[in-house]
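For reference, the structure is listed below as structure tokens.
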Amino acid sequence: MQIYLPIAEVSVNIFLLLGLGGMVGVLSGMFGVGGGFLITPLLFFIGIPPAVAVATSANQIIASSVSGLFAHLRRRNVDLRMGLVLQAGGLVGSGAGVALFNWLKQLGQVDLLVNLCYVVFLGAIGGLMFIESLSALRRAKGGAPVKKRKSRGLVHTLPLKMRFRTSGLYISVIPPLLVGAAVGVLSAVMGVGGGFIMVPAMIYLLHIPTKVVIGTSLLQIIVVAAFTTFLHAVTNHTVDVALALFLLIGGVVGAQFGTRIGARMKAEQLRILLAMLVLAVCFKLALDLFLPPSEIYTIAEVL
Amino acid sequence: MRLLRLVSLLTLLGLPLQSPAQEAPATDVPPQEELVQEELVLGLSQNRVAITANFDGSEILIFGAVKRAGPQLSPGADVVITVEGPTESVAVLRKERRAGIWVNTDQVTIHQAPSFYAVATSAPLEQVLTATEDLRQRISIPRAVRSISSRDEVTDEDSFVEALLRIRQGAGLYQMREGTVRFDEQTLFRTEVPLPSSLPVGLYTVKVYLLRNGALASKHETAIRVGKVGLEQWLFALSRENAVIYALMAIVVAVLSGWAASEGFRLLRRQ
């Protein structure tokens, strides 16, 4: 069954859209990532114009993240206070990121930079997570005592300490603010919610328990994605609500299943799966950069 | 859809033919040709293409007749029909390998390229049309694309234009349909032009050329409007005219559906 999308101005199969949305929704609920880094390339692939794909995936991410967030809220897996602190840093970071993006645009080659950013970050984060969670899995299997983390790191010695009850932490607010800001910059430049950077940063830099990380990251993604949707719709008119609607019908349902699957799995298993997913996307993007394209010419709109 | 098209065709055929075409300007008739009063009459299966939510491409039937005041001419007349979408300017980018990575390096801007262009002829184009006449009337696909500019470092602009034609032909946006105009007894002609689902909106021009020995004998022009209707049109207009309301609507719809799904699943689990 085909549907004509009013903003994208192409006609696509409804079930294809529902399936894509559902797949990304499952990932969103499982790992706390918005799935922007996954759905945008998939939309390009089915023939949606790139500008519409980027803007509309932000809109669909809101829906699947809200769906996942409510499920996590009921499990008390969301640290609202930590979310707010990260968000405060994130807003400052996004502002700086938009300025950086516009500056790069003037220099030209912004697409290339975004792609290189993706490959480097996805590769580094995916690789590190993969190695870490693999050794964590091995330790668990071997039955060897888990090495205790250094209990007094930098996060404990800095001033402005705050108690984060859900995460079970009593740490300085400066590291979460910095993490939020860094993710804000990256997500503005790369045009994604930043979940795949935020989740590892919260696990490894802030030592928040993995289950709490996922719920809290979803909260952060919703705000960023809503802001992005608004900006794209007002400035570029590229948000296609019809496309978003079909993606999010699949997405919200998928997110519920994802949350359920995630709850049944061990933290190490979740991390290793996310690492593999991130590495797979990284590999695909790297191939696009290095392999000769089938058509070296592209048609673009004149601005 | 097909039935509707047939019905409209029948009604059109049943009615007296539409207003006569304007005569071809005298300058377009080569001097060696005997001046004969010839008029083209044109009909379309639809004069507007409505893009609805279930639009998945369409087809337009173009038909007509050659009306002659004088005696029957010697054979050798041909018909060429063009359907041209709104003109736009596009940038064609070319990738090159730099330090192992494929990056966009050169760019050529084509200021006037039709967003849709189909040429249907009654015989192979080179038999129907002389090169000078093609140049004058801009009938063939490469002639329809014009006004090319680039920076100094690009020396092979033609390959950029070729790439544009190749990509758009692949997408069904540019079509060369040689020999698809059926021309009966030198008077009646008809052809069908398929319209892809990615059809750009706007005002389209349909031109019919009557050619004799490769030169223009008569020409007629009419318009088709391609536009979104109903919900599609409403959403499109809202996104342009009330962008803030549209944006808020998109966000609210997303949040509500996320919440609804979450609540729905909770209720399902309770049972």
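Heads up, the Cβ atoms here are built off N, Cα and C, so glycines get one too.
Here's what TrEMBL has on this protein:
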TRANSMEM  A:12-39  transmembrane segment
TRANSMEM  A:51-71  transmembrane segment
TRANSMEM  A:83-104  transmembrane segment
TRANSMEM  A:110-131  transmembrane segment
TRANSMEM  A:213-235  transmembrane segment
TRANSMEM  A:241-258  transmembrane segment
TRANSMEM  A:270-287  transmembrane segment
Near the transmembrane segment (A:241-258) in space but 6 or more residues beyond its ends, with Cβ under 8 Å, are 3, 5-8, 12, 14, 17-31, 39, 43, 48, 52, 56-57, 59-60, 62-68, 71
Proximity of the transmembrane segment (A:12-39) to the transmembrane segment (A:83-104), 3+ C-beta pairs under 8 angstroms
no
Take the C-beta pairs under 8 A between the transmembrane segment (A:110-131) and each of A:51-71, A:83-104, A:213-235. Which stretch has the highest count?
A:83-104
